[in-house]
Amino acid sequence: MSIQYKLSKAAIVAACILSAAGALVFNAFPLFLGNIATQYQFGDEELGLLGAAYLGAFALAALFAPLWMPRVAWKPAALFGYVFILVGSYLLSHAPADQVHMIMATIGLGSGIIFTISLGVLAAAKNPDTAYGWKLVTEMVAAGSLMFIMTSLIINEFGYQGFVVGIVVLYGLSALSIFALPKNFMATSIEAKVSGKKSKFNTSAALASIALFFQAGTFSGLWGFMERIGEIHGVDKQLIGTVLAASIAAGILGALCCVVLGQKLGHRKPIAAGLFITLATLALLEWNTGTITFIVAACLINALLQFLVATLMVLVTDKDLTGKYTVMMAFTLAMGGAIGPGVLGTIIEEFGFSMGYLWAAFFTLATMMLVLMATKEENKATDVNLQSVNG
């Protein structure tokens, strides 16, 4: 956003924890959906509907964020979101099968609320690159740790009931971060409109948002089919699972790159570098086969996913003058994550993986064009005032 605020370290840490909690189900979809499917004996179609119910409610909360984010107190709103999450999580072990979709929607709504609030806080950090980088690191560590502890310890010992209790406890502990959130400073900034004039359509922020949507959809699609890609490359199924789990470390490194780089290289160079590596990864998958190719591609895709999402989020934030596009990023990411796998799956089903890779390359190039257009006036700096809003 055009106005930056002097946030305490505690506020930034709290926002990162809120973000990790808000994205936990999505980042650990295999864990959640797999255990629910086993408990309720759901098939593939019912699992797909569960994911759609969660993402749909998540996106709904984010879609209306420009209306509620500037107008409500963030601490009570975050608490309200956690009530939805905790009640929904508890009911996962008590509700009949025909109500599970509604319960997942309830968890999705609460997750969308706290995730959107976390973006509003982190967007106002003095260095959004670093803040978004730590946000993604926190998300990856939380999801990876949850999946490891649940699969290796809790579920084997306590079953589905242990899974649900563990989720409720984890969410309950993360809710303590609410107390470190700052007061809602967005109302003041939007009311002032920075210049005191009626805001015009922000072309740069809109283009950056579309670029974020394209990349979220592209990488969600590729990541969703990594197991199938591994099979095509002749990789053993057990090794595929090991590689995908280990690639989380590559994702953390990708997010850490944003922390290290900060704003040293501006927007164009880091994003362009990430997009070129994406094209090289797609070419590697198309023209080479084998275990090594799959391992390299899986690690690169996870690292690029985190790196490009973070850098594109920073671009949206920096071009946004009122905060409207910033709080809509949760909706943008949710829609990209929901649409990308479906579109890629349809293309692969009809035309094969080669056309799927071509589809991904096309949207990668389209993203590059959008970024170039959005950063045309990157050298024109906007003066900002620091305000202390911790409370």
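Here, residue 1 is simply the first one shown, and the rest follow in order.
Yeah, the Cβs are placed from backbone N, Cα and C, and that goes for glycine too.
Just so you know, TrEMBL annotations never went through curation; they're auto-generated.
What TrEMBL says about this one:
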TRANSMEM  47-67  transmembrane segment
TRANSMEM  79-97  transmembrane segment
TRANSMEM  103-124  transmembrane segment
TRANSMEM  136-155  transmembrane segment
TRANSMEM  161-181  transmembrane segment
TRANSMEM  201-226  transmembrane segment
TRANSMEM  238-262  transmembrane segment
TRANSMEM  271-288  transmembrane segment
TRANSMEM  294-315  transmembrane segment
TRANSMEM  327-348  transmembrane segment
TRANSMEM  354-374  transmembrane segment
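Tertiary proximity for the transmembrane segment (47-67) is limited to same-chain residues at least six positions away from its ends with a CB under 8 Å from its CB atoms, namely 25-26, 29, 33, 36-37, 81, 100-102, 104-109, 111-113, 115-116, 324, 327-331, 334-335, 337-338. Residues 8, 10-11, 13-15, 17-18, 20-21, 24, 35, 74-75, 78-79, 82, 85-86, 89-90, 92-93, 117, 121, 146, 149-150, 154-155 of the same chain, all 6+ positions outside the transmembrane segment (161-181), place their C-beta atoms under 8 angstroms from a C-beta of that stretch. Proximity of distant same-chain residues to the transmembrane segment (79-97), defined by a Cβ-Cβ separation under 8 Å and at least 6 residues beyond the stretch ends, is recorded for 21-22, 36, 40-42, 61, 103-104, 106-107, 109-114, 117, 160-161, 164, 167-168, 171-172, 175, 178.
Contact between the transmembrane segment (201-226) and the transmembrane segment (294-315) is present: at least three CB pairs lie under 8 Å, with pairs separated by 6 or more positions in sequence. Away from its own ends, the transmembrane segment (354-374) comes close to residues 203-205, 207-208, 210-211, 214-215, 217-218, 221-222, 225, 267-268, 271-272, 275, 278-279, 282, 285-286, 312, 315, 319, 343-344, 347-348 of its chain (Cβ-Cβ under 8 Å, at least six residues beyond either end). Remote same-chain residues near the transmembrane segment (327-348) are listed as 22, 26, 51-52, 55-56, 58-59, 61-63, 65-66, 69, 112, 115-116, 119-120, 186, 209, 212-222, 224-225, 228, 309, 313, 316, 355-356, 359-360 (criterion: CB distance under 8 Å, separation of at least six residues from the stretch ends). Sequence-distant contacts of the transmembrane segment (136-155) (same chain, six or more residues past either end, CB-CB distance under 8 Å): 16-17, 19-21, 23-24, 27-28, 30-31, 35, 162-163, 166, 170, 245, 248, 251-252, 254-256, 258-259, 306, 309-310.
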